[in-house]
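The following features are taken from TrEMBL:
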- 78-110: repeat 'ANK' (REPEAT)
- 111-143: repeat 'ANK' (REPEAT)
- 212-236: repeat 'ANK' (REPEAT)
- 253-285: repeat 'ANK' (REPEAT)
- 328-360: repeat 'ANK' (REPEAT)
- 361-393: repeat 'ANK' (REPEAT)
- 437-469: repeat 'ANK' (REPEAT)
- 470-502: repeat 'ANK' (REPEAT)
- 506-531: repeat 'ANK' (REPEAT)
- 538-565: repeat 'ANK' (REPEAT)
- 707-730: transmembrane segment (TRANSMEM)
- 780-982: domain 'Ion transport' (DOMAIN)
- 781-799: transmembrane segment (TRANSMEM)
- 845-863: transmembrane segment (TRANSMEM)
- 869-901: transmembrane segment (TRANSMEM)
- 913-933: transmembrane segment (TRANSMEM)
- 953-977: transmembrane segment (TRANSMEM)
Amino acid sequence: MRFFASLAHIVNWRSNDDQKTASNGLKAPVVRAHESDDICRIEDSPFYIFRASGQGLLTVVERLLDEDEDRLNAKDSRGWTCLHHASARAKIKIIDLLLGRGADINATDDEGNTALHVAAEKNKRDVIEHLLVHGADGNKLNIKHWAPIHIATMLNHPAIIEELAAFPDLVDVNIGGLNSGTALHLAAIFDLPEVCSVLLKVGCKMCQPCSNGFYPIHMAAKNASTKTLEQLLQQGEGMGYSRVLMLGFCDGENNSPLHSAVNSGDLGAVQVCLNHGARIDVRQSDQATAFHLAATQGTLSIVKAMFEAHKCASPTTYTEVLQSRDVLEMTPLHRAAMFDHPEVVRYLIEQGSDINALDSEQRSPLLLAAVRCGVSSIRVLLSHNASLSVRDDEKHNLLHFMVIYSGSILTEAELGAICAKAQVEENVNLLNQKNVDGCTPLHLASKQGNLRFTESLIALGATVNLKNNEDRSPLHFAARYGRVNTIRRLLASHLGPNMINETDGGGMTALHIASMNGYAKVVQILLHKGALLHKDFLGRTPLHLAAEGGHNPTIRLLLAFHANLIDQCDKENNTALHFAAIANKPQACELLLSYNCSLKDNDAGRSAFDIAIENAQVEVAASMIQHDRWKELLERPSTLYKCALLGLIQTLPEVHKLVLDRCRQISNADIGSPEYCTMVKYGRVELLSHPVCLQFLSMKWRAYGCLFYAVNLTIYLLFIAALTGVVACLDPSLMWGSDDEPSKQPGAVDMPDNNCTSAHEEQFCDPYAFLDVVRRREMNAAEMIMMIYVAIFVVANMFKEFLQLMEQKWAYFTDPVNFTEWTLYITSAMFVFPLFGGNLSVTQWGCCAVAIFLAWFNLLLYLQRLDSVGIYVVMFLQILSTVIRVMVVFSVLLIAFGFTFHILLSYDPRGSFYNPFISVIHAILVTMGGWEFNTIFVEPFLDGKLPFPYLNFFFLVLFIILMPILFVNLLIGLAVGDIEMILKDAKLKRLAMQVEYHTDLEDRLPMWFLNRVDKLSVSIYPNKCSSSRFFGQLMSAFNAMTNFNSATFADGSSSTDLRDTVANNALFDEVGKSKRRLKEVQTQLDKQYDLLRLIVQKMDIISEADQFDEGEDIESSKLQITTLTNSSSANEDFFESSRRLKTCSDNSATKPRSTLRAKSLVNKLS
C-alpha cells in the first residue's frame, strides 16, 4: 500500500536526540522520499516497525533497528512499543530480538500496561513464560491499579494464572489492586469458580481483606456469586480453614458473610451460607442480627429459609431469635412493621414473635407501623390483636402517630372499629388520650391541618374542648396555625359555641391568637361566630396583638366590628399604637393614625412617637411624620424630650429632614426657635441648610435682622470713615524736623556711622531718640468732628465689651475677635485722645497704623453675616487659622535658617543678615520670594570674598528644598487641598452666627416688637414679577445670584430635592398600583377557588388536597410543640413563640394551598 504526499509536508521521523543534533548535521534524515515521482512508501514510515513487529517480520525489524536504534523503545499512538505488539501476537522471535537489543521489558503504554499485561489480556501463556524468564515485573500495576494476575482473573484465564504463579519471585498472587483487592476478590465478584479454584491452589489467601474491610467470601455473598461462594467454602475447608472461621469473618461493620448474603437479596447465596452452618443470630455493630436484616428487607422466602435453618440447628432455643433486639431494642417484628412488610409481619407473629414488644422509645410494632404509614402492616397487626393501649415514652398513642406522621391512612369505619375495640377490650379512650403535653389527637390534627382526620375524630365522639397542659384547646391550635376549615368544623360541633371565648393559660382567646398571627380569615370567622373582645392577663386586646405583628388586614377587620378597640389600653396603659411603635411596624402605625387613635402617653410617660425616637426606629417615625396628623404629633409635649423636634434632631436627623420637607408649604415652627440652637449644638449642617430653615432665618433677617445689621454696619462705616479721614488730614513731616533739619522716617534705624558731629545729629544717631519728639498743630472743624465721633465710638464699644465680659464671663476670653476689638479700641483711643490737645507723637502714629489696619480688617468680619459673600469670609478665616498654626510650628525652621545665614553672611554690606532679627525676616521673605543669588553668593564667590563657600552653598540648597518647595507646597495643600471640609465647616459657622445673632437680638428685643414683625407662615412666589420693570429685572438677577450661591454652599439644592420628591412620589404611586392589582388578582383567585370547590362538591370528586386545611405549614417530623411558661411578661406567652417562627402574612398563607388545590381540581376536572 502506498500513499501520496508533498515533499514539503513529509516529516522526517527521528528521536529526540536526533532532533537536538540535526542542526549539526550529525545524522541524515531517516525517511527519504523519491524525488522523481513524489511518492512515500509505507515501508519508509516511522510506524512501520510496529506493524512488522506484530506480523513477526524478523528481517524487517532487524533492518529498521539497524537504521535507527531509537526505534527500539519508540511508542505508537496508544503508547505501545514493539515489545507490546510482539507480545500481543505471541511473536517469540521478535521478542527475543527486541530483548536482545536491550528493549525495556517493563515499558508501559498510555494506560500503564506492560507487555506482560498485554500477554495476560490476550491469553498468551508462552509469552507470559518468556517474559517472566527474562525478568519481567509481574507485580507492576497499571493506571487502574490492576496487575497482570488481576487482568487474567477478570478475563477468566486460569492457565495464565497458573503460569504467573509459577514464578513466585516475580509475581505475588496476593498483590492488592484497586482498593487493595486481590485476584481472589475479583473472582468472587464476577463469580468465576474455576479461576477461584486455581487461585486457591496457587496460594491466594482467603483471610486477606481489602481496604474496605471485605474478605473474598463477603464479596461472593454480597454479589450473589453462589458458585464461587460454594467453591470458597468447600476448598477453603480443605486448605485448613474451618467453616466456623470462614463464616465468622467480619468486615469493618462487623457483618458476617450471612449478613452480606442477606443484603444481596439472593436466596441462593443465603442458602449456601445456611447449608454450611451459618448462624442467623450473629450480630453486627448495631447489634442487629442477620435475621433483623432479612425482616427489614422484607423477602419472605429468605426469612423463612433462615428461620427454618435456625430451627433445625437449635430446636429448643430457636424462638430466641424472634425476641432478639438491636441497639434500639427493636425485634425483627419491629423492623418488618416499620418498613411495611405485611407478609413478613404475619409470618413472624405466627412463629411466636411478641406482637406487643417495646423498643427503646416504648413503641410497639403497631406504633412503628403508624409512624411509617404502614397501612397493610397495621391491618395485619390489628387482626392479630395487637394492643391498642400501648403508648411511647411521650405518651403518644396510635391515633397521635397517625395524625403526626400518617394522616388519615385508615377509613373512618376502621378508625371507629379501633376506638371501639380499645374502649371495650382495654377500657382505653384513644380519642381523648393525652400525651405528655396534654394534647389529644384532635389537638394535633388541628395543628397539622388534617381536615379529614379532624372530621373523623369529631364524628367518632372526640371531645372538642379538652385542653392541654397550658389550657389550650384544639380551637386555639387551629387559630395559631390559620386552619380556617378546621375552625369552621370545630365551631359547628355541639360544643363549638361554648368554647369560642375560652381562654388559655395566658388569658388569650382564639381571637387573640389569630389576631397575633395575622390570619384575617380566621379572625373574620370568629367575629361572625360571636367571639367577644376579652383582654388577656396582661390587659391586651386582639387589636394590641395585631398591631404588634403589623397585620393591617386584621386591624381593619377588628376595627370594622369593634371601633371602640382603638384606644383601649393594657395594664401599662399602652395603646395599640404603642405596640406597633415598639415592634417597629410603620404601616400599622400609619393605619392606626388614620383611624384617629389617641396619642396619649403610657404609664412610663412615653407616647408612641417618643418610643420611636428613643429606639431610633426610622421607619416608624417617618411613617408618622408622613401622616396627615403629623402636626398633632409634633405639637404634643414630650416628657422625654420636652419637644419632639429636639428628640428628632438628637436621634433621628433624617426624620427631622422629612419634617422640614413638610414645612416647605406651611411652616408652623416655634417663634423662639430653640431647635436651631440644638442644630448648631449637634452639628446638623444638613438641617440648618434645609430650605425651610434658610427661609425661616431669611424671614427673621428681613423682619428685623437686616434693620439692626444695617444700623450697626452704618455706625461702623462712619467710624472707619472718621478714623481714615483723621489719618489722611495729618502731616507726618511735622513729627521729626523743622525747616532747616533733614527729615527722617519714623522708626528708621541708621547704619553705624562715626560722622555724627552735632548734638542734633547724635540724637538721630540713637535709634530710639525720635520717640521723644512731639509736635503741636492746630485742628480745623471737620477734623475735630471726626475725632469726636471716633472717641464716642471707642468709649461706647468699650462699655459694650465690658457688659459682654460680665455676661459671658470666662467664655468671653475664648473668642479671638474680642481681643481684636480691644486692640482696635485701645489703639484708636491712644491715637485720637492726645490729638484733642494738639499733640502728635511717634507713639500715636504707630497706634494709628495698628488701628487703621484692624478697623478695616474688622469690617471684613462684619461681612460674614451676608448670605451672598459671608461664606467666602468664613472660608478665608478658616484658611487663615490653618496657615497661622502651620507657621507657628515651622517657625523653628525659619529661626534656624535665619541664625545660620546671619553667621555665614554677616559680611554682606547690604545689611540683609547683619543682625539675627533682620536675618530671620529676610529668611521669611526669601521663602515667599527669591534669593538675589548673584549679588549675595556668586559675585563674592568669584571675588574670593565669600566665607565658608561650600557650607554656604550646602545650607542654601537645604533651605531651597525645605522652605520654598516643601513648606510652601504644604501651606498650599492645607489651604486648598481640604476645601470640602473647610466648606462644610464654613457653612456651619456661618449659619451658627446667624442663629446666634437672631437669638441675641430676640433676648434683647421686647416681645411686642417680635410679635409684630415675626410671621407664622411664609409664601414664596419665585416667578412673581416686581411692579417696576427695571427694578424687577434687577432683583431677579440678584435673587438668581443668591440662589446660585445658596445652592452651591448648601447640602442639596431645592430643585434637586424637588426632583427627588417628584420621582419618589411617582415610585410610590406605581407601587400602590401594583399592590392594588395584586389584591385584585388574589380576589379573583379566591373566587375561582370557591367556584371550583363548589363544582367538585357537586360532582362528588374527592381530592387529596382536601384532606388538609389551609394555613401555616409544619414539618411533620417535629413532635414537640413549642411551649413557653406563663408569666407577667408579654414575651413569655406560649403563642408569642410565633415571633421566632416564620410568620405568614394575612393572605400569603392561603396562596400556596389555594394554588395547589386549584391545580389539583383542574386536573381532576380535565
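Placement of Cβ uses the backbone N, Cα and C atoms for every residue, glycine included.
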Residues from the same chain, set at least six apart from the ends of the transmembrane segment (707-730), whose C-beta lies under 8 A from its own
701, 780, 782-783, 785-787, 789-790, 793, 828, 832, 835, 840, 848, 851-852, 855-856, 858-859, 862, 865, 997, 1001
Over the repeat 'ANK' (212-236) the mean pLDDT stands at 88
Under the DSSP assignment, what numbers of helix, strand and coil residues are found in the repeat 'ANK' (506-531)?
17 helix, 0 strand, 9 coil
Report, as numbers and ranges, every residue of the chain located at least six residues beyond the repeat 'ANK' (111-143) whose Cβ falls under 8 Å of a Cβ in that stretch; write 'none' if there are none.
79-81, 83-84, 86-90, 92, 95-96, 99, 105, 149, 151-152, 155, 157, 159-160, 163-164, 166-167, 170-172, 175, 177
Residue list, the repeat 'ANK' (253-285) vs rest of chain: Cβ under 8 Å, 6 or more residues beyond ends.
213-215, 217-218, 220-226, 229-230, 233, 243-244, 246-247, 291, 293-294, 297, 299, 301-302, 305-307, 309-310, 313, 320-321, 324, 326
Against which stretches of its own chain does the repeat 'ANK' (328-360) lie, if we need a Cβ under 8 Å and a gap of at least six residues from its ends?
289, 291-292, 294-296, 298, 300, 303-304, 307, 319, 321-322, 366, 368-369, 371-377, 379-381, 384-387, 390
In the repeat 'ANK' (78-110), how many residues does DSSP put in helix, strand and coil?
16 helix, 0 strand, 17 coil
